[in-house]
Structures are given as C-alpha cells and as structure tokens.
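According to Swiss-Prot:
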type	residues	note
BINDING	C81, C86, C92, S323	[4Fe-4S] cluster 1 binding site
DOMAIN	93-312	domain 'Radical SAM core'
BINDING	C107, C111, C114	[4Fe-4S] cluster 2 binding site
Amino acid sequence: MTQPTARSIPLQVVSGDTAAPAPLQTGVKQIGGDKIHRSPVQFVDAPVLRKPSWIRVRIPSGNAVQNLKAKLRENRLVTVCEEASCPNIHECFSHGTATFMILGEVCTRRCSFCDVAHGRPKPPDANEPASLAITVADMGLKYVVVTSVDRDDLRDGGAQHFVDCISAIRTSSPNTRIEILTPDFRGKGRMDRALDILALSPPDVFNHNIETVPDLYPNVRPGADYQWSLTLLQRFKAQHPSIATKSGIMLGLGETMEQVQATLRDLRAHDVDMITIGQYLQPTPHHHPVMRYWTPEEYKALEEYGNALGFSHVASGPMVRSSYHADRQAAGAGVAA
C-alpha cells in the first residue's frame, strides 16, 4: 500500500496583521502575500512537503495551449484554469477545453487555499455573455463549465449575469450542455434572489463546492458558512428535481477520513448527486500549507464510500478538480448526451 506523506508538525495559525490595510482600489488585484495579508488568518512558515510520485502533471507539446489563450484574450475572457493556477491547465487547454470565469478576475473573498486575486471588482461587463457565446461556438464545445469569482458587492451575487451567459450560449450553441459552478450567494436575501433568477434559465448541472470539512472553515473559507452552502445545494435541487447537483472537496488541509466521510453524508442528505474529491496543492508559500498528501488507495476508498452513499457519480483522485473532465463526469451521471 502507498505510504501517506504528511507533516510531522502541527499547523500553526496566527491572526492577521492588526494594522489597517490600505484601501482597495477598484479593479486592482491583491494576489499572493498581498491577498493573504488581508485575510483574518495567516500561516506560520513551515517546511514544504515533498510531492509524492502520484502528484505529477504532464505538459503536452504543441501550440494548442497558446492558441486557446490567444482566442480567450481576443474575446477578453478569463478562465479559472489560469487565474486559480490549476495543475491540469495544460491537459485541458491542449484538448481545447476550459472553464470560463465570468464577472471579472477579482474576488471579494480571501480564501486561504485559492490563488484568484482579491480586491474590489469592476462592474460586470455587459458584453461578456455575447463574447462567451461566440467563443463557445467557435471552439465547438459540447460541454462548457462557467464559474465566477464571489461578488458580494452585487445584490444577486451575480446570478443575473450567469443567466445572461447561459441564455447567450444556448442561443448560439443549442446542443451544448452547460454546467455552472457558483459562489454561495451568501448575504441577507441574496440566496433567495439568486435562486429566483437562476430559475429563469437553469443550467444542465448546478455545481457549488463545499471545499472542505466544517471544522476547517474558519481557516480555509473565511466569510463562508458550511450549512449555508449545503442549503444552497438543497434548495436548488428542490426547485429543479431533474437537474443534477454537484459539489467538490479538497483533501490535504488537515481533515481526517472520518470528517470527509461525514461531509459526504451531509452532501447526500442535502440531495447532491455528483461529487469530486481531489488533492489540495498550495499555490504560493503565502497560502494554506499542504498538511498531507492523501494516497491513491485512500481516494479509491472514498470513491467506494461515495458510491455506497448513492451519489450518481464520484470522481476521486489526487489530480481530480471540480471541472476537470466535467463532461465525462456528467456523462457518467447521465447528464451529457
């Protein structure tokens, strides 16, 4: 059996700098240390764990990656693949697939695991839905994933912009299946407004990531709430029983097997159909450190556990990400044609 790679020292969390940070400027990105410096928690320097043999990324040759990047820039589009430093970017781009990130590239949250920039976002780009639809049609995509930064500055959390993008894609590419990976729409009345708006043009798959176990939320997802995310998933499913719901969990942040299993049970109890489970990789030294590399055998055990709970599809493996091979995941759950 593969031996786990883990820290021999406990994670130490220190409170953020008490000095008031400089005011945010609209559209200016706070990344890496600048972003985490504004977070409620920061992390004491610790030795970096050596990546085990099963954490490897193939970088394919050819011009496909650069060609796709050029097309995205031409249409002023952003992918979460680039902004979040996804390890699978070269594989996905080389196959002509991408997860589009709408509503800008500046997030109002400061999650300690995420490499997307923090700051004060610009207003939504009214031309973005049309540009996205053109790109999807040009690429001939049969399955597309659309996600966004958190937009706590918007009354609907960006739900109307999601609907505008869905409608535009369906107009130009009626046979394309659409998965949306949404923020939590947290805030007074925001979830209600968002769900009412999404009902106007719902996706083929509704995805919202739970990310981690509840005990780790204060350090991993400051500004988010575990039960709120579960409720969002359940309420969408209640409104749209025939639409698949999906969520994702990262491993390696300090959780235990028992905690992960409990989270899987919570997701099923809240009517989530599909689940992705993958290894967290630290994007910069300023972010939450990797506490442990889970083994392939453990991912297999979680896949079997999830199947036993009744998920329609479980994708569990070190390099699995929420939208990695999303078309295959959906096909396995009976969504994509």
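Every residue number used here counts from 1 along the chain in the order it is shown.
Glycine too: its Cβ is placed from the backbone N, Cα and C atoms.
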DSSP three-state assignment for C111 ([4Fe-4S] cluster 2 binding site): coil
Binding-site residues compared (C114, S323) - highest count of Cβ atoms within 10 Å: S323
Chain-mates of C107, C111, C114 with C-beta within 8 Å of site centroid, [4Fe-4S] cluster 2: R109, R110, F113, D115, V116, H118, V149, D150
Secondary structure of S323 ([4Fe-4S] cluster 1 binding site) (DSSP, helix/strand/coil): coil
